[in-house]
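Comments concern the structure below.
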Amino acid sequence: MRLGYNEKLVLLKLAELKNATVEELIEKTNLDQVAVMRALLTLQSQGLAKVHEERRRMIKLTETGKRYIEIGLPEIRALKILKEKGKVTLNDLKDVLSDEELKAIVGVLRKEGWAEVSKTKEGLTLKLSEKGKKAEKRAIDIALEVLSKGEVSVEEIEKIISVKELKRRKIAEEEEKVIRNVEITDKGLELVEKGIELKREVSILTPELIVTGKWREVEFKPFNIKAPVKKIYPGKKQPYRVFLDKIRRRLIEMGFIEMTVDSLIETQFWNFDALFQPQNHPAREWTDTYQLKYPEKGYLPDENLVSKVKEAHERGLAGSRGWGYVWSPERAMLLMPRAHATALSARELAKGIEIPGKYFTIQRVFRPDVLDRTHLIEFNQIDGFVASEDLTFRHLLGILKRFAIEIAGAKKVKFFPDYYPFTEPSVQLSAYHPELGWVEFGGAGIFREEMTEALGIKVPVIAWGIGIDRLAMFKLGVDDIRYLFSYDLKWLRESKLIW
């Protein structure tokens, strides 16, 4: 068996004392409490010493009690003045007693028989009695002397005075303490008798040890790489933020161009009208979207684009008959927090794009909803589109499946037919979560020609809008979407880094 310097030192002192408290070992070895306790744990694990724990009720001085040790009990201070003057009023004692002490002093002096109390013109007057002249040490005075040296067991102090009396006068307080007594075992004594060489241990070989040759006189402490150590939590990025950054980088590596915007506010023109969504569509009502109270309206883009969108709604484009109603520019000017990131896709298409071209954006969107494990009223959406001559619906399904499996880590994926005013055909993407079952990720489709032609695009455009928060739930292994924005330090510290 191998013992370190501290273990050897404690064992040698135990051999001298046979048994001792931890406090006594601290005093004898000049080690601190932590070092002694660690040494004892090692000695006990190797059967060289035994540690016995005993719970005791202990009494120790309060701050008031410590003050009385320094300046004396109130009655002792009052008695000293009485012995000097023979007779005093309560006012004469104000310099040596506090107001609270003055209230109690008459009763204490009368109880001890140290003073005679009478009423005079000057107020209550105290006169030194014969018993006061010969006053001796009382139990409380002896108890204070004992406690001044340190805490004492209740049993020990009860031999002198009632603990209840000390607590009543707020001189002392009671606490339960664990007393550790240590004894050396026969195995420990046997090892000491064989002889223990006490050498200083070092953990670092310094230049000084080499130059002076002192390395020969010391013992090098081996490193235990399996020993438990305190966990260190270095600075770390928020897990969901890392997930978003990884997706952004992955898409850029795949050749996608990122669409950016500075504002969270859109006109209804970009949020709905440019997407060929009619102005009487129920999704445009207050139950499905937020509206801005002030300012209420924004500005429409250039007249040519507005007239094309108007024509698409009223009479149709690309062989369509449109929606057959009178389109209102006033309605299109209304401002709202962005309801979906597809509004940015419409803006990008109207600006002009590379063909073939791939575009994406990750944006915050807002929709009225009931907060639960899978729904938020403010969330992130990844929106994107690909424009090219030869694109088909199967290309879109392939991209969506890749998103679900490679990015979210989903094992099962399903597609369902769906409807959106601005795509045809349309599809819903869902994936299976082990805790929540089938979870909808988002919608997708091929942009309708009525929309793309109005925006100046003549080729097929496949597009998608996916709730990226739900993708993150799969990847980060959480079953409540609200947890992605949690302040829970345990989760933030222990969440694993992702791909």
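Cβ from N, Cα, C; glycine included.
What Swiss-Prot records for THR342, GLN381, ILE382, ASP383, PHE422, PHE447 is L-phenylalanine binding site, and it gives sequence analysis as the kind of evidence. Annotation source Swiss-Prot lists Mg(2+) binding site at GLU424, citing sequence analysis.
Around ASP383 (L-phenylalanine binding site), the same-chain residues six or more apart in sequence whose CB sits under 8 Å from its CB are HIS340, ALA341, THR342, LEU344, SER345, PHE360, THR361, GLN363, ALA463, TRP464, GLY465, ILE466, listed in sequence order. Around the Cβ of PHE447 (L-phenylalanine binding site), a 10 Å sphere holds 26 further Cβ atoms from the protein chains shown. Looking only at Cα atoms, GLU424 (Mg(2+) binding site) sits nearest to PHE447 among the binding-site residues GLN381, ILE382, PHE447. Across the residues annotated as binding L-phenylalanine (THR342, GLN381, ILE382, ASP383, PHE422, PHE447), the widest Cα-Cα separation comes to 18 Å. Take the CB of PHE422 (L-phenylalanine binding site) and look out to 10 A: across all protein chains shown you find 21 other CB atoms. The candidate set comprises the binding-site residues THR342, GLN381. Of these, THR342 has the most other Cβ atoms within 10 Å. The 10 Å shell around the Cβ of GLU424 (Mg(2+) binding site) contains 15 further Cβ atoms across the protein chains shown. Long-range neighbours of ILE382 (L-phenylalanine binding site) (same chain, six or more residues apart, CB within less than 8 Å of its CB): ILE247, ALA341, PHE360, THR361, ILE362, GLY465, ILE466, ILE468, LEU471. According to DSSP, PHE422 (L-phenylalanine binding site) is assigned to coil rather than to any helix or strand.
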